[in-house]
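Peer 1: Among the features that TrEMBL reports, transmembrane segment is placed at 21-41, 62-82, 94-117, 138-163, 169-188, 195-214, 249-267, 288-312, 349-373, 419-444, 451-474, 529-551 (among others).
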Amino acid sequence: MAGLNVDDVKVSLQKFGLYDYVVFVLMLLSCVMIGVYFGFLKKKAKKGEAEADYLVGNRQMKIIPVSLSLIASFISGISLLGTPTEIYLYGVQYMYIVGGVISMGFIMMYFYLPVFHNLKLTSTYQYLQTRFDRRMRLFGSILFTLATMAWLPIVIYVPALAFNQVTGINVHLITPIVCVICIFYTCVGGLKAVVWTDVVQTILMFGAMLLIIIKGTLDVGGLSVVIDRAKASGRIEGPDLRFDMTTRHNIYSCVIGGVVYWLKTNAVSQNMIQRYLSLPTLASAKKALWTFIFGTLVLLALCCYSGLLIYAKYYDCDPLTTKLAKAKDQLLPLLVMDTLGDFPGLPGLFVAGVFSAALSSLSTGLNSMSAVVLEDFFKPFSNRPLSEKQTSIIMRAVVAIFGAICVVLVLVVEKLGSVLQLSMSLGSVSNGPLLGIFTLGVLIPWANGTGAIVGGTIGLLVMIWVCLKAQLAIATGELAFDLKPVDTQGCSYHFIASEPMSMLAINTTSLSIDATPVEPEFALYHISYLWYTTMGALITIIIAVIVSFIVGPNKPDEMNPNLFSPFIQRILVRRRIAAHNQLEMATGGIKEIIQ
């Protein structure tokens, strides 16, 4: 490629041909057919069961499909493209979050999942009304709705960027087409269609990543070359054992902060819990949980290795400095076209895999929105019970309307490129307070509705301030990223590096909304983004408990034990038995005195 400039190289790598388009279209058609099958051909649900069938698969789903759906729902296109970029830029320190993921599994299995599953909920926010009051149900539902509608357009936009990188096709042409297909099969097929399309999409994700890894490793000279180059650049390193909350990633933020982040994402989020509630028994839900964790860890490992592979491929010619890749989320697509571009159909398989992750997240979000809007916004305020026809119309209309809004918001996301990071951090704003509220509910019987609403509101306001200050600090350069070294001495084409490498980290990946402070002074908003959820949850819980005791706490003996985690239930039951025995003894003593 001597004598070529960077633009010539870009054009030469855009080898997305007929077979690639065929593979991509086949993926979309398979999703449509699954929707058609469950929406029109599958035997209709019995009268009175339509709502449960649409939202939770009549609680008769199978473990493996639900587990694969959970993996697909959690690993969005952002994660699929962002994790390799994270490893390329910052090294493997982030991957110690696996300790947090595994710990989350045990905590969720014992503390949260039994409560929601045994109550047979449809919306997790129904729990907040039962445990606290209607205010908390609305508070949680509104936070979920806002966070979801801020997240879904980005989920679609990022893989559209990848599609643009490999094909040159305009983002605004592919985005509406893909969204309409997703809206269709989610609208007509309900949860069953979402789960089974997720199965197809999960297989595509794993297949695409394995293809890239196997062929890419062979191209650079084998596994030993990948490992040696990663070690030499400091990308493979042991866990950082320094306890410094401002350090971007260390063992404490990844494990402690990571477990709290994953708890909110998996243990109390409507997007994920709705899948667990579709299973017939708590035992099957626990099996699905651990299958999900295993599959997610495998996929994270593949993404991590692909990040090391990107560095091994471009170790002496960084594509971000040369502008061969305009955005960091285009690093993996660049590797794909460089590695698989000469094999017709394989780049199409990769793009299908990335879009599969996006479609899964979009369909999950829309199906969950359908459940939340119906259960939390319509039913509580309806003067009389909704008919089956009204329920059906509402559920499908929600999917169609919110799906259309997502398509429009993709246009907004593109125009607000400098605010993309801020949009991604909205999840951190609501995650902490929501997890704090649900934790209050299942673990602290004394907490009441007034305490929960005050604690949640203060937690939300504090997190808004922290996230806004962090974004402002990033924009002004107060916070900067500590990048691993890169090189351009081996480039075989001409380029002009218009920006120093240090500036390339201003738009970070979806995995991180934070930075390492340049100045030694500590400020609350300097802490690692992995502590955000923990901070929001702790503030919510502490304030809620204080306010509850000020206004008058609940009496645990009068509470419904089924609203609490199993070990809290056992404590409450023992207290009631002891109180009953004391009452009987006192009554017996009085009778003896009378006699």
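Even glycines carry a Cβ here, placed using N, Cα and C.
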Peer 1: How about the transmembrane segment (288-312) and the transmembrane segment (451-474): at least 3 CB pairs under 8 Å, pairs 6 or more apart in sequence, or not?
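Peer 2: No, these stretches are not in contact.
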Peer 1: Using Cβ distances below 8 Å and needing 3 or more such pairs, separated by at least 6 in sequence, tell me whether the transmembrane segment (94-117) contacts the transmembrane segment (249-267).
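Peer 2: Stretch pair touches.
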Peer 1: With a cut-off of 8 Å between Cβ atoms, can you find at least three pairs linking the transmembrane segment (195-214) to the transmembrane segment (451-474)? Only pairs 6 or more residues apart in sequence count.
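Peer 2: Not in contact, no.
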Peer 1: Under a criterion of three or more Cβ pairs within a distance under 8 Å and sequence separation of at least 6, are the transmembrane segment (349-373) and the transmembrane segment (62-82) in contact?
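Peer 2: They are in contact.
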Peer 1: Before we move on, state whether the transmembrane segment (169-188) and the transmembrane segment (21-41) share at least 3 Cβ pairs under 8 Å, counting only pairs 6 or more apart in sequence.
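Peer 2: Yes, the transmembrane segment (169-188) contacts the transmembrane segment (21-41).
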